[in-house]
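Chemist: So TrEMBL has the following annotated:
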- B:142-205: domain 'CBS' (DOMAIN)
- B:206-264: domain 'CBS' (DOMAIN)
- B:288-308: transmembrane segment (TRANSMEM)
- B:314-341: transmembrane segment (TRANSMEM)
- B:362-383: transmembrane segment (TRANSMEM)
- B:389-415: transmembrane segment (TRANSMEM)
- B:427-450: transmembrane segment (TRANSMEM)
């Protein structure tokens, strides 16, 4: 009920208060009295490092697995590293195969082996099936909890068969139809099962045009398929068409969320696993790398300015105005860059329409270049009463906006073709180009005129 | 089947070729021969303006509704504006209530009224229920296609009742249990229905702790609920607890996608409805606004530099080095800004842990400030052989990184409290601060020393 969300919020509040006052017994009581595992995980993630460890230790043994599953990969690996193989096996006993596989991938190879060895045969076989595929492939995302049926039985028999189960796996919207060789041949939607004549056979009712996913497909392809066809679950097969498992929408939602997060964070040079509450030193180290890379681009810009020190000495107004040229280029370029990166992500951009887009961006840059060149030239003239410098800055603005558009439009494709993530590297490269071209065109033109 | 995706891709290819060569009859044939509506919509969105109109006109009448539903809001409003109320009614006849409501919201009020008046009574009543709520609320997101049952019947009766349907609405994972007054009292999962004894009553088997959504809740709350509890659908009620409809995961996925998109696009000053293939003039106008805003911040920075023209005239190295100070501050600040904006979006940040985060960011800025101050001071000394300027730039870097961290951390909360979108305004304000403080500290310290 909606009230329960309110209740959870109230609990979280009193928990935070108890934590701050150090009343541990109270913290433990609130933590394990009906707070959902996902809420406990959320609370742990929202806490500073010290409180996190404390909270994790206070979680009831039976809840540990589900709480762990809802934590970020970084925190999983942090807590798992303190546990023995035995403890990990206990913790993961009741979880979905794909979630256990994700957790094990946070562990060192040696521990993963130990954990696999302490599992029973069936669990181990399932887990190894998932672990055999990369984490970001359909195989790594799938679950092995399928409900399979044969095509030649009647729906009546299917209904009786289902009634022998205590429950069906979560998000079971389809029963998967396989032949004796376990080859996938179709799906029977349970909503279809409910409205059909029980005397019909599965073969008569089943759908054979279901979206089937190859285990080797990339998770982003899987997400597109789910989004475009409004799927709740989809079967996963190997190259020979044998059924391996299924992927459910809840895991796909995580992929969508993480992919979007990745673009946003990458553009600021942050890791998408970057933890809001990571300790100071860890954070400092990560940020330092990006600042170092940025320093190189800033030095490149300074080197360009350094070429023209004689001109600046003569006309100090150039030093006052030059950041405007670089900055306008950077802004214009990053708009194009972001639009193209999003177009790539949505799958809107291909060879044939890219040419159109590129031409449009040149046109837009020309229009806005002329518009803002005039505005900035007028401001410059009003400020310094020097028509030459007004014309020079106007020309430099046009040049830099055109170069910015071309760079912003083509950079994502160039980077992607070289296997570099455009969201991560795009803005650094773009800023370097717009800074260098901005200073070069403005100070270069000024030097031609004044010296 | 996976092959079908391949087939669709091949079709898209030949379609593009036919379009480019102007073979319209061929385009129409390919377009309407089994290409899924979502693929047709995707094709239209991936085409430049002229081809779009052409393609839309070639779509078969029966497919128009589903194709329209998959288009972006901007394109919907574009195509709908050319249609009569009659045509809109025909087009929307077979669509879900929430999708029709979304489309109608793209129309002028007058046309919406006309469309509503030409509908039959039941459709109209349903639609008005949805239209009565804001587009970004649970009520605006909901569908009215619920399958409801009473609590006092047996599962046997439920099964017979369902068999009278030709099909169940898409994504029906739960039957909704209501009393005579249509008050919501619980859910019966159809997977539960399948595994339970048919002689039991609905009341005995139903779940009463389902997540219920208030029609007035914001869509972002709805998305969080779905994500955290892995829901496929959830009932929507009014303030009195009466069942109004249900929300399904496919619509929630759209909300998640759009929200993420919004953050990414806003940070570059782009509208999230910004269309990759919008015409040149429309694009130019939109971009011009952002460039104008940026010009104001660039002018502020120039004004600061202008205060120190005498110092620069004397020591030109200052002009060469000053962009480094501004740029390092901008990068450091935007990392903090992005992290905090994401923390807000994930709901990780509240008053109590914000203080911790703020302190950590100060520490990180101090550590990286000192580190990069030393590096930059050494580079500066090696370049200009002037110990004074090396010490001055080091000090300015430390000051600017500290200010950047404080601004980046607190800005999102300040803006949000004033009802301003941090993703949109955050980076402009931040850059203004880091530029101004960067130039002010560096040139100010230099002036104290040299003049």
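Keep in mind that glycine also has a Cβ here, set from the backbone N, Cα and C atoms.
Those TrEMBL annotations? Automatic predictions, nothing curated.
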Chemist: Summarise the domain 'CBS' (B:142-205) by DSSP state, stating how many residues are helix, strand and coil.
Modeler: 19 helix, 17 strand, 28 coil
Chemist: In terms of Cβ proximity under 8 Å, which residues at least six beyond the ends of the transmembrane segment (B:362-383) contact it?
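Modeler: Here the qualifying positions are 317, 321, 324, 328, 332, 389-391, 393-395, 397-398, 401-402, 404-406.
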Chemist: Which one, B:288-308, B:389-415, B:427-450, has the most C-beta pairs under 8 Å toward the transmembrane segment (B:314-341)?
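Modeler: Ranking B:288-308, B:389-415, B:427-450 by Cβ pairs under 8 Å to the transmembrane segment (B:314-341) puts B:389-415 first.
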Chemist: Should anything in the same chain at least six residues away from the transmembrane segment (B:288-308) have a Cβ under 8 Å from its Cβ atoms, list it; otherwise answer none.
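Modeler: For the transmembrane segment (B:288-308), the far contacts come to 269-270, 318, 322, 326, 428, 431-432, 435-436, 439-440, 443-444, 446-447.
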Chemist: Report, as numbers and ranges, every residue of the chain located at least six residues beyond the transmembrane segment (B:427-450) whose Cβ falls under 8 Å of a Cβ in that stretch; write 'none' if there are none.
Modeler: 267, 269, 293-294, 297-298, 300-301, 304-305, 307-308, 310-312, 314-315, 318, 321-322, 325-330, 332-334, 337, 388-389, 392-393, 395-396, 399-400, 403-404, 407-408, 411, 415
Chemist: What are the helix, strand and coil residue counts for the domain 'CBS' (B:206-264) according to DSSP?
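Modeler: Result for the domain 'CBS' (B:206-264), in helix, strand, coil order: 27 helix, 16 strand, 16 coil.
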